[in-house]
């Protein structure tokens, strides 16, 4: 059957899915069929590349596509230092060789494994630490559905039992047994509901086993948690055998391994996201069955270098970058693509950039990198791709074929750079973007994503496309035996690029033309030289501020040739080239407002010359760009040897001082308008109004508003405002003239040029006419209490802090100061009290030796802190390293609390109160430098549980006689100054109870409260003062300070007691001290020691009424069976004997009477002494009864006639003990709680036991003293779930315990 259509169905434009036509790559490969990337190795620095993704198995020659896979971040590291030897287990069916895994599971060893040493390294890893977040989200959703189904069966079963009980027991006077059963069932319902409420899928817990087969290290992973390793695939370093496996059909996540440090570290290499696989496929995918889907260089091989840390959601880290640079040299990569980047405060410096300079200019690896997606404002290129002149920085361009095949647009739009593609220049004048490439593709994605391909766009996609294009060129050069350098290739692609209507004259890559260029000028050795343009602290001319653009500037420029570095510095192989180099240059200016000399003779030392730039010829508010180009006069056709970029953004100087209007900007798809305005001196915020109306119907369009001010050595994001919004939606686009108004209030810096950039998104249709009004305001603190205009410091010890406020720009009608403190900044330093660990050591030679053989060192600092509240959010801060990545002088900074922290502030939720530690690691190749960081300060920021308002007053007197702020909304004339007084808290209880002197409360000072100012204005830091001294309470019955007892009538009765001499007191004190020391040393003797028995007998004989001796004896008995884990009947009987002896020495009736009478709160010294004695006796009674309960529980469990007697005694003793507890269920004291749980378990009341245990775990303050109790409580919880036959919750708790208390200790960095 044939179905007719209204018009012919065209063929799908497959060529536009992964663009190769526009770049001439397709034509080049058609002409040179074997120059398809073969012979080249491309490193992909990204989230990792999936070896199972379609198109990434083989090259066009049938070679292995991915030849190495490395996790440079350490996120997949598993510590496998624990060594186990197998045990042999026999049963009626088979003989098994087993070892104990760190998960607690028994692991069955495959008998076919060849392990000459007989030693197995073991480790454990939570699978969710290896999985990308998108996959975790999918799995937890699917697994939760299954888990909840099983859970609800348990809950329904308990609820049914409860309903049946209520139906069959309708008596108004239920028995004690019925009440107990009902209470337990209700507790079970509560426990199950709470458990599901707090459910957090732990995922799979992996056991890892490592051994050496005599030639290679081998790894087996128990991916299905069964413990049976027979038949489990054995993996080794990926590069050796190209092996990878899949965790399960459920997750479809592929993994490989690498083994380091003689089997002590296993790196399980997975993916941090989809990104890296997509990037690799753009570069080099090969689809033999459908070549139209191929990547740009299908013959190339790939090395996957994972720099996206899975622990950080794929954020790159310094250690990942440094190890990637090392791997580029070790794997001898020809090219590297890095579709990653961050803003940078210093565009051409930092540890990673120094390493890449060496990789490029010494080892000849071309480094191609995305320029960033932070446009359309100027100076938004990211580091490293858009800031380093050693790299090829790539911008993103969209063509007609891409819009047709990938985006399914209704109408064609102009070819152009994407709206969001970052723009140069860098803050030091460097152009930023080297070349443009296609900025999107539909190609392969990882198998776990459950889709073969998907659309992604960004400079992340344009960079690998250009990388593939360059791989084609290298493939051709290698095939023809032609040598090349990164400098030669960069010259070729820049000078042969297709011209675009682009701000900086940056072109679009053209492979065939670049090849022709390389062939034409192959014999010219100066093609292998890079020319560095240097100005004082700059690489180009960038005139942006008023003082730079208000007059002509004469600027000295130095251009110096840069040769490839020698692999061996002493070889001198380039010396003759340097000697012979000399070139005669013609200097050409591309703009009339830029002047330069006509000629320049340059040798290997370089030359300097002056450039005159006259911005006064240019229109204020506009962007202008020109270049000084240097041509070789003997061969001008090959294009400039160097370019001196000249960027001028002469700002508008406001004539009326505070307002500027831009009328009738016309926009179509992708159009950008930008203006530059000098922000008036003293301005602190601005109001922007955007107006749109139309008399003709138009399509709604998304616009990007982008405003920017640049400050020295600060990221462009520090003073950036960026927003998307729609114009022309609904009736606004109907053509009826209805005006749409969008408003924005944002912070500004006075005296600094502001770029206002507005762009219609590249793919949005319709024409739009827009007008803008910009009004500046200034409410400024004029005196010296501020730091750089940002921060006010208030000393809490001062009654008030004065601030003088001025309106320097215009009259301000909304001055209404208010201060709210919302954060708490603790100060932690490494000192003798706080330090837990400090170590400086060289790192692994397997991964952390730089290309020049320098060993990397790590400094690890450990800080201790305490929280007194549950569910506290904290954010550790290290100012020396914050917000520094590519511009960091150090290799890396990393910190661990309960989560992993990179260079950005991160809130971590601490569910339990108690003690915590922060571990911070700094890495560098200089141990001497790291030594200087021993005392690095850690700030710990936490949200205040209750916000604090600081009152603001008009007069000093009001600070003392008014309870609330007197400052209210008022007007302030331009240039006028008024004073305000910020009152410090008089009530010290306002401060957090854990506050220490020197801690800081952080908040904001707002002067205008009607509309929020984006970016804020002033930060307020309130310094916590010393706590006020406590006044000693003097009460009528407070007793004397001399420690003497008072008589009943308040007078001392000398006849009541004979005063001892000082000598007698000293002798008594010495005797007691010796006795107490002997008691404390009893625990230090071995259990079966004769010395212990003799000393104990001696103490009992000498001090027959001293309770601590007998309590210690009882404690020693209870601990005597710790090796077996259970108390023997023999020990139980001894415990009963000692416990009864203790109880016989205490008058229980007298003790009960004492606590049965309410005691006075204000008591004298005699009463205090009496209370202390009774409290100690009470503790002794509880300890003795508690020990009896444990002993009787053991005896009651024996299968003998006496067990029934013991069971009765158990219940009686428990009831006697419970009378001394402060609460019916003793959840505050773990020892008492254990007794309660024993009783409930014996009765099968697991609900009551679990409910009490949950309360204890919820309320515990986790410290070194309570950690063992906490761990034991988690174990008991598992046992209770098992006894209740709640298997799913037993397994859940077993995994959760492993996560909470990892058997290997602190997680590795």
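Cβ coordinates are placed from backbone N, Cα and C, and glycine is handled just like the others.
Annotated by TrEMBL as region 'Disordered', the relevant range among 956-992, 993-1029, 1030-1066, 1067-1103 is 1030-1066. Sorting the domain 'Tripeptidyl-peptidase II first Ig-like' (529-648) by DSSP state (H, G, I as helix; E, B as strand; all else coil) yields 16 helix, 59 strand, 45 coil.
Cα of residue 46 (active site, charge relay system) to Cα of residue 275 (active site, charge relay system): a distance of 7 Å. Here the domain 'Tripeptidyl peptidase II second Ig-like' (837-996) does not lie next to the domain 'Tripeptidyl-peptidase II first Ig-like' (529-648) in space: the count of CB pairs under 8 Å, restricted to residues six or more apart, is fewer than 3.
Restricting the average to the domain 'Peptidase S8/S53' (37-507) gives a pLDDT of 95. Each residue contributes its Cα atom, and for residue 460 (active site, charge relay system) and residue 275 (active site, charge relay system) those atoms are 8 Å apart. Note on residue 460 (active site, charge relay system): other Cβ atoms within 10 Å of its Cβ, all shown chains, come to 28.
Helix, strand and coil counts under DSSP for the domain 'Tripeptidyl peptidase II C-terminal' (1059-1118) come to 48 helix, 0 strand, 12 coil. Secondary structure counts, DSSP: the domain 'Tripeptidyl-peptidase II galactose-binding' (667-766) has 8 helix, 48 strand, 44 coil.
The 10 Å shell around the Cβ of residue 46 (active site, charge relay system) contains 29 further Cβ atoms across the protein chains shown.
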